[in-house]
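As given in Swiss-Prot:
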REGION    1-114  region 'Domain III'
REGION    115-130  region 'Linker'
REGION    131-301  region 'Domain IV'
DOMAIN    173-206  domain 'EF-hand 1'
BINDING   D186, D188, N190, K192, E197  Ca(2+) 1 binding site
DOMAIN    203-238  domain 'EF-hand 2'
BINDING   D216, D218, S220, S222, E227  Ca(2+) 2 binding site
DOMAIN    268-302  domain 'EF-hand 3'
Amino acid sequence: RESGCSFVLALMQKHRRRERRFGRDMETIGFAVYEVPRELVGQPALHLKRDFFLANASRARSEQFINLREVSTRFRLPPGEYVVVPSTFEPNKEGDFVLRFFSEKRAGTQELDDQIQANLPDEQVLSAEEIDENFKALFRQLAGEDLEISVRELQTILNRITSKHKDLRTKGFSMESCRSMVNLMDRDGNGKLGLVEFNILWNRIRNYLAIFRKFDLDKSGSMSAYEMRMAIESAGFKLNKKLYELIITRYSEPDLAVDFDNFVCCLVRLETMFRFFKTLDTDLDGVVTFDLFKWLQLTMFA
């Protein structure tokens, strides 16, 4: 009698008939099975990094990578915890799939996902007196006589800046996206950005530009879903799969790429909301309670 546990893995591509109407053929797919290290067994939110896969060989894999709708293989492995990694043969290909698992004996399965968290450095908030004189001069030039940046002025400033960076794909910052940024950064509630508020936003955008360029791996001037995930993690955020899907749905263009203006709006909102939540979570239990007025004030204003 064979020793070990017998099971069948099947990986199926979804929506291929719909994709074929747009000229997209079947992707070349397959999967690999890795044993979970003893010290990580039982962890509910296991996340294996790139170094793990470089240092550990797979215990089993599909017989081949092939451009069929479904790939399936029967395996027999010793009892233990394993991670199944489905993939396309070529890296960074987008696609929906179903992974099915059939076993002779009862076995538990779960989808691995990240816990939501943000590792953000303390934001340096300078007083007006501490801000660099060159920046003050720039601010006075941009803000005009009232020394406040309005929504329209912010739109003009950002679009003037991005137009000088020919490597960035953008349709320009819309009035709505600029209004959202002003509302998120406006601490005194007057609907405009003063010197200190604009200084914070300016520093954030400079940081986001560096992250965008670093993770625009194909130099397309935009972010694919794969690049977007790495960029968001580099900015200090850990999100789960559902939130990543919502971000791509909310901020991507019809080709599922995220332009620079949408990338900035996304990260400004993420960082502001995480910092806002942290301020309200005084007992650090990860739960904040709002009354209806506070909830409407927060959601409608942002």
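Cβ atoms here come from the backbone N, Cα and C positions, even for glycine.
Feature map: Swiss-Prot annotations on the structure.
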{"residue": "D186", "record": "Ca(2+) 1 binding site", "Cβ contacts under 8 Å, 6 or more apart": "K192, L193, E197"}
{"residue": "D188", "record": "Ca(2+) 1 binding site", "Cβ contacts under 8 Å, 6 or more apart": "G194, E197"}
{"residue": "N190", "record": "Ca(2+) 1 binding site", "Cβ contacts under 8 Å, 6 or more apart": "E148"}
{"residue": "D216", "record": "Ca(2+) 2 binding site", "Cβ contacts under 8 Å, 6 or more apart": "S222, M223, E227"}
{"residue": "D218", "record": "Ca(2+) 2 binding site", "Cβ contacts under 8 Å, 6 or more apart": "S224, E227"}
{"residue": "S220", "record": "Ca(2+) 2 binding site", "Cβ contacts under 8 Å, 6 or more apart": "R169, A257"}
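Same-chain neighbours of the Ca(2+) 2 site beyond D216, D218, S220, S222, E227, judged by a C-beta within 8 angstroms of the site's C-beta center, are, in sequence order, F215, L217, K219, G221, M223, S224, A257.
Apart from D186, D188, N190, K192, E197, the residues listed for Ca(2+) 1, the same chain places the Cβ atoms of E148, V182, M185, R187, G189, G191, L193, G194 within 8 Å of the centroid of those Cβ atoms.
For S222 (Ca(2+) 2 binding site), other Cβ atoms within 10 Å of its Cβ number 23.
Under DSSP, E197 (Ca(2+) 1 binding site) is assigned to a helix (H, G or I) in the three-state scheme. Within 10 Å of the Cβ of E197 (Ca(2+) 1 binding site) there are 19 other Cβ atoms, across all protein chains.
The domain 'EF-hand 1' (173-206): residue composition by secondary structure is 23 helix, 1 strand, 10 coil, according to DSSP. Residue counts for the region 'Linker' (115-130) by DSSP state, with H, G and I taken as helix and E and B as strand, are 0 helix, 2 strand, 14 coil.
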